[in-house]
Structures are given as C-alpha cells and as structure tokens.
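For reference, Swiss-Prot has these:
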type     : residues      : note
DISULFID : Cys58-Cys290  : disulfide bond
DISULFID : Cys71-Cys83   : disulfide bond
DISULFID : Cys106-Cys151 : disulfide bond
DISULFID : Cys294-Cys318 : disulfide bond
DISULFID : Cys487-Cys491 : disulfide bond
CARBOHYD : Asn26         : N-linked glycosylation site
CARBOHYD : Asn27         : N-linked glycosylation site
CARBOHYD : Asn39         : N-linked glycosylation site
CARBOHYD : Asn142        : N-linked glycosylation site
CARBOHYD : Asn170        : N-linked glycosylation site
CARBOHYD : Asn181        : N-linked glycosylation site
CARBOHYD : Asn302        : N-linked glycosylation site
CARBOHYD : Asn497        : N-linked glycosylation site
LIPID    : Cys554        : S-palmitoyl cysteine
LIPID    : Cys561        : S-palmitoyl cysteine
LIPID    : Cys564        : S-palmitoyl cysteine
TOPO_DOM : 17-528        : topological domain 'Extracellular'
TOPO_DOM : 550-565       : topological domain 'Cytoplasmic'
Amino acid sequence: MERIVIALAIISVVKGDQICIGYHANNSTKQVDTIMEKNVTVTYAQDILEKEHNGKLCSLKGVRPLILKDCSVAGWLLGNPMCDEFLNVPEWSYIVEKDNPTNGLCYPGDFNDYEELKHLMSSTNHIEKIRIIPRNSWSEHNASSGVSSSCPYNGRSSFYRNVVWLIKKNNSYPTIKRTYNNTNVEDLLILWGIHHPADAAEQTRLYKNSNTYVSVGTSTLNQRSIPEIATRPKVNGQNGRIEFFWTILRPNHAISFESNGNFIAPEYAYKIVKKGDSAIMRSELEYGNCDTKCQTPVGAINSSMPFHNVHPLTIGECPKYVKSNKLVLATGPRNVPQRRKKRGLFGAKAGFIEGGWQGMVDGWYGYHHSNEQGSGYAADKESTHKAIDGITNKVNSIIDKMNTQFEAVGKEFNNLERRIENLNKQMEDGFLDVWTYNAELLVLMENERTLDFHDSNVKNLYDKVRLQLRDNAKELGNGCFEFYHKCDNECMESVRNGTYDYPQYSEESRLNREEIDGVKLESMGTYQILSIYSTVASSLALAIMVAGLSFWMCSNGSLQCRICI
C-alpha cells in the first residue's frame, strides 16, 4: 500500500518555479527567403525592391524636362513649322520624344549622323539659338521662295524655320562663298543641307546650274557633296529629298560654305550653353507637375530602396534595376508557432525554443517566469538593442553600397548598326541578369545570417542562464529551467541581470534534488514489483484459458487427444 501511495505521489508532483528564454512574436505575415528555406514568416522585414511609380513625367531636381510632344529631335532643331513652340526652349533636365513622332523631317530625306546628334543632345541641358547668317543677306539668291507643301503652316507652304532653301534669282545662281567665325565662348551646333532633285528639269528650274556641289570646311571637316538626281517614290507628295548635316564649331574657329546650287543654308545655330547629365527618353506620357530624383519612361520613382523593377531605362539618381519580383531583408526573428530543430547554414543552433511570445512587446529576446507570486514577461533590452543596432547598420550598409547614382538610358543606332545594337542589347541583358542574380543571392545569404543571428542571440541568453543556475535547476528541453528551490521575483530578477547567487540556493536545491531522486528510485522498485506480479498473473490466467479450451474441444470431438508411451 505504501508503495502505491509513493507512485501516486510521483505522478502528482507539483511543478516548481520556472524561468524560460524566448523571443518576441507578433501578428506579422511578412515572409522572406533564405538559402535554406522559402517563405519564412518573420516578425519584421524590410523591402528593398521598389515596384511603384507615379505614372507621370516629372521635373528632375526642380528642372523641367523638354517634352517634344509630336515633334522629333530633328523637327525641333531644324524648326519644323509644326514645332514652333520649341523655337526657343529653357534649360531642361532631360528630353522626351515619342516612339513615332509625326513632326520630324517634313520634307522627306535623311539626317546624316542623326544618332550621334541625339547622343550630343543627351549630354546637353541647354542650348541657345543665335542667328549666324541672316536671311536678308542673300541678296543674289532667292531666300524666300524655298518652301514646300510638305511643310505646311496655316494652310500654306512653308519650310524649316532655322535653315534657308536658296534658289535661283533672276534666272541666276552665283557661286556662294560664305565664312562664319565663332566668336562665342561656347561650342556652336551648325546645321545645313543639300537638295537632291527628282529630275534634271527640277534641277535647272530651281538652281539654273546643272552640275552643282555643296562644299563645307572647318579646321576638322572637309566635305564636298554632289546632288544625286534620281527618280524616287513620292513621300509627303515629294519625289525629291533633302539630306541634312551638322557639325560642332569650336570657339574662335571658322566654317566656310561654297556652293553653286542645291544648298540649304543655315540661318540659325545653337550655342551649347550647358552640358550635363541629360538623356533622350522615349515616352508617351505628359508632364505631371511633379518633381523627382529618378525618372523612367513609365513614371517617376521616389524611393530610397537600392533596387527597383519598374523599367530598365532610367534617368537621375535611381536604384539599380533588377528583374526580381521580391527582395525582402529579414530584420526580426522568425514568427512561427513551432520551430523545427535544425542547425542553420552559418552554424547557429536553432530549435530549442518551442515558440515565440506575443506577450513580450518591448524586446526581441527575453524571459518568462512563473512562481508563487505569479508570472510575467521581461525583455532583455541589452541584447535586443545590440541586435537592432547591428541589423540596422547592416541594412543601411547594404542600401548605401547599392543605392548609388545610376542611370541607364537607351542608345541610338542607325540601320547599318543593327548587329551592334543587338549585341548591345545582349550585353545589357547579361548585365541585368548578373545584377539580378547578385541581388537575390545577397538577400538570401543576409536573411540566412540574420535568422541565425537571432537564434544565436537566444541561445546565448539560454547559456547565460544555464551557466548561472548549474545544478540548482533542471533543463526542461524547451528553453525553460525548473528550479530545485523557491525562486521569488527578486531571485528571478537576479537570474535575468546575471547576479544570481548560486551558493545561496545550492543547499536547498541539493536537498530537494535528492528527495526527488529518492522518490524516483523507490517508485522504480515499486514499479518493478508491480510489473512482476502483473506478468505472473496474466501468464497464469492465459494457461487456465488454454487448458479449459482444450478440455472442451476434446469432450465434443473437435480435438483428439492421444497419449503415446
């Protein structure tokens, strides 16, 4: 009877005072990826991939863009009559051109080295138009009749505003010899052209002379062009073509023109007033009366994040473009009810804590205690502050390293450079793939480190308590310790702050531990006796049942019994 009572006493042992080490939990549903796992729910995380834009064209650092609307760069610089609103433009931050502007070269033809000209304009922020050869200075040539129905204005034939189409006057076209000296302190952009008639009749009707040329020379340029008379299909009602050229005239340099026909002379030129970081962006958007540091063709980005996936082409101080759809850095610990027992990639031991505590709100790591005075949570603020500072510095370092001024603008190639253009696109795609891979790998590795860092911090707290308590408490295996002595709130606080007095409680703990161990040993003997008794009794009952069954079967003939001697 006494042994049974002891056994029942062991079963009903009351739990002692306990202290547990754990981590903060909340209602967060934020998920991150690591090298080892995907979609790990964490208490706190920081998105470093910008996905949003405002859908507008904005000023860049307070300077408005030059939005050409339906005009092309060529139509603007030559002075297409439909582009009069751009005859004089203020400083711009970048130039916006539609994919297929309708007002370009109204008189059909070509613009020599047009892609290079656009590249020049993409590194310019302001030009100023000046007159270099007045229209009324062509006294021996007709400077007013050179118009075309292909360049209409108010229902009448017109021509480009910034050049003069010179034709014969009084049935004569004297040889032109003109020189202009650039006395400005700025470089000068000069444009001119040559007309290619459709037939010989048009040639003599316009210029009198049949064998004509246009010669242009500077200190670096020596060009002589001959009109090409040929039958061509009509474009904008014209069989003829005009080919335009351009050059940059340095300060104190001169440009000389000589021609006896077919000359499209410059009236205005452009001073390159300000060079800088500009670009030509293709977009159909309109100005949105806003300001930004980063502009894309689909809208402005206002973000401090180091990466974005809005559009590969950008202007300004922009995050780096990557092809990723998700880049999230973990900052807080895991936020799951159960943590699988595992070892992290970087060596931190995880899994001895069963779950997080939503009741602990003032720290990432801490304690939960229970004793006769009650129970409660207490954050370990020192380890929490160190962790917050470390992770914040790491995140800021990643952002600072990646969030540098970065521009990616489109490049112009002519029809003869398609293979170069394709190669350029392949190279850019390759760079984007590398950036994307590096960004994703960086995030995966840092998230793995962060989660292991949190696990390590909790483990350090656990070890701190274990080293203090030693054999004054029992490890329960779930992040908790059960004391072998009474531990009031003052005692609990001493464990938390590292001042626990082990000798003070060691004698009480030893006595309680020995008493519990003795009860365990006595109960073990009781269990052995009960086990033997149970085994013998069950064996005897089984033998009686088998004998009775055999006797019954023999009596009714179901079983024959033979005894052989």
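Keep in mind that glycine also has a Cβ here, set from the backbone N, Cα and C atoms.
What Swiss-Prot annotates, mapped onto the structure for a quick look.
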| residue | record | DSSP class |
| --- | --- | --- |
| Asn26 | N-linked glycosylation site | coil |
| Asn39 | N-linked glycosylation site | coil |
| Cys58 | disulfide bond | strand |
| Cys71 | disulfide bond | strand |
| Cys106 | disulfide bond | coil |
| Asn181 | N-linked glycosylation site | strand |
| Cys294 | disulfide bond | strand |
| Asn302 | N-linked glycosylation site | coil |
| Cys487 | disulfide bond | coil |
- line: Looking only at the recorded positions Asn39, Cys71, Cys106, Asn142, Cys290 (disulfide bond) has its closest CA neighbour at Cys71
Message: Return the count of C-beta atoms lying within 10 angstroms of the C-beta of Cys106 (disulfide bond), excluding that atom itself.
response: 26
- request: For Cys318 (disulfide bond), identify the closest of the glycosylation sites Asn27, Asn142, Asn302, judging by Cα separation.
  value: Asn302
- line: Excluding its own, the Cβ atoms lying within 10 Å of the Cβ of Asn39 (N-linked glycosylation site) add up to 8
Sparsest-packed among the disulfide-bonded residues, when each Cβ's other Cβ atoms within 10 Å are tallied, from Cys58, Cys83, Cys151, Cys487, Cys491: Cys491
Message: Counting across all protein chains present, how many other Cβ atoms fall within 10 Å of the Cβ of Cys318 (disulfide bond)?
response: 26
Message: Fewest other C-beta atoms within 10 angstroms of its own C-beta: which of the disulfide-bonded residues Cys71, Cys290, Cys294 fits that?
response: Cys290
- prompt: Among the recorded positions listed here (Asn26, Cys294, Asn497), which has the Cα closest to the Cα of Asn181 (N-linked glycosylation site)?
  reply: Cys294
Message: Name the residue among the glycosylation sites Asn27, Asn142, Asn302 whose Cβ has the smallest number of other Cβ atoms within 10 Å.
response: Asn27
